[in-house]
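Enquirer: Sharing a structure with you now.
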Ligand SMILES: NC(=O)C1=CN([C@@H]2O[C@H](COP(=O)(O)OP(=O)(O)OC[C@H]3O[C@@H](n4cnc5c(N)ncnc54)[C@H](OP(=O)(O)O)[C@@H]3O)[C@@H](O)[C@H]2O)C=CC1
Ligand SMILES: Nc1nc(=O)c2c([nH]1)NC[C@@H]1CN(c3ccc(C(=O)N[C@@H](CCC(=O)O)C(=O)O)cc3)C=[N+]21
């Protein structure tokens, strides 16, 4: 066995897979956030986001660090409210209620996962819908599903923002979403449906996953299992959005898609890191700005 992979020969098919990076797009969104934050501050309002954490999960920690760093650079004030991984559901609820009642707070996000015995859907109902910048309150979810104005979960919004940024047509196209969490898979599917795509949702109980994913013009994968999607799961020319972010032993992040395997087959693939993640963070702040503007 060789320890290093030989580079692909010049002119090989892998050159045709476009890297659908999110860093540039995120930068643009952050620039909008910064100028809107500056305008708000002239009006005496400091946009403020509160992140409620009750987990030691590494993937969540990555995200929280990324939110705090990006907020600091963009003129958004960010409070990390860490109630501890041993918090009770009532501890989390109390924190969410206090932040909902605090008029200086414009955005609230509750990180997943939660401690055993704390139900996300149940707790998210305590987030003031006006401050629900990650679309977690069942009221926001229902409105989104009904096609009414509401904040979409930032990750699902980031999937659509990337597809739009790279001008991927959606109306009438076949989109397959792998993963059905309320935070990512389900809302992403709803947003795609709203854009007139034909949408299939796959999950743990889907038999013969590849049978469905191979039908996809656009494949969105949000599972959290590195290497789940291989060359046999996609059809030539597919656009693949990899939402997965699993921390690796080396301190990096791994997506759900076997990048080497699908390269040359997919028309485009989002990298991990540097794809959906940065756009998610930027959009969360963008939502916070919109909430602060309404408040002002
Ligand atoms: N980049 C970003 O901005 C973000 C990245 N993430 C990452 O995305 C990933 C998914 O997050 P999240 O939705 O919260 O995770 P969840 O664990 O809540 O959901 C995972 C989903 O994947 C499904 N699933 C599990 N195994 C399989 C399988 N073998 N085949 C098909 N489906 C499967 C599950 O199905 P079932 O429902 O049947 O159990 C479930 O619906 C994680 O890696 C997370 O870190 C999350 C949010 C933002
Ligand atoms: N209620 C809730 N909503 C979430 O959206 C949510 C959550 N809980 N719990 C944890 C997961 C994980 N997640 C990530 C988002 C961005 C990056 C991200 O920005 N990653 C960068 C790298 C980060 C960095 O460089 O600091 C990248 O992919 O390039 C990672 C992970 C959101 N999640």
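Numbering starts at 1 and runs along the chain as it is shown here.
Backbone N, Cα and C define each Cβ position, glycine as well.
Straight out of TrEMBL:
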{"type": "BINDING", "residues": "179, 180, 181, 245", "note": "NADP(+) binding site"}
{"type": "DOMAIN", "residues": "21-134", "note": "domain 'Tetrahydrofolate dehydrogenase/cyclohydrolase catalytic'"}
{"type": "DOMAIN", "residues": "153-295", "note": "domain 'Tetrahydrofolate dehydrogenase/cyclohydrolase NAD(P)-binding'"}
Enquirer: What binding-site residues in 180, 181, 245 place CB under 6 Å from ligand 2?
Expert: 245
Enquirer: Would you say which of the binding-site residues 181, 245 has the most Cβ atoms within 10 Å of its own Cβ?
Expert: 245
Enquirer: Select the most exposed residue of 179, 180, where exposure means the fewest other Cβ atoms within 10 Å, treating these as the binding-site residues.
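Expert: So among 179, 180, the binding-site residues given, the one with the fewest Cβ atoms within 10 Å is 180.
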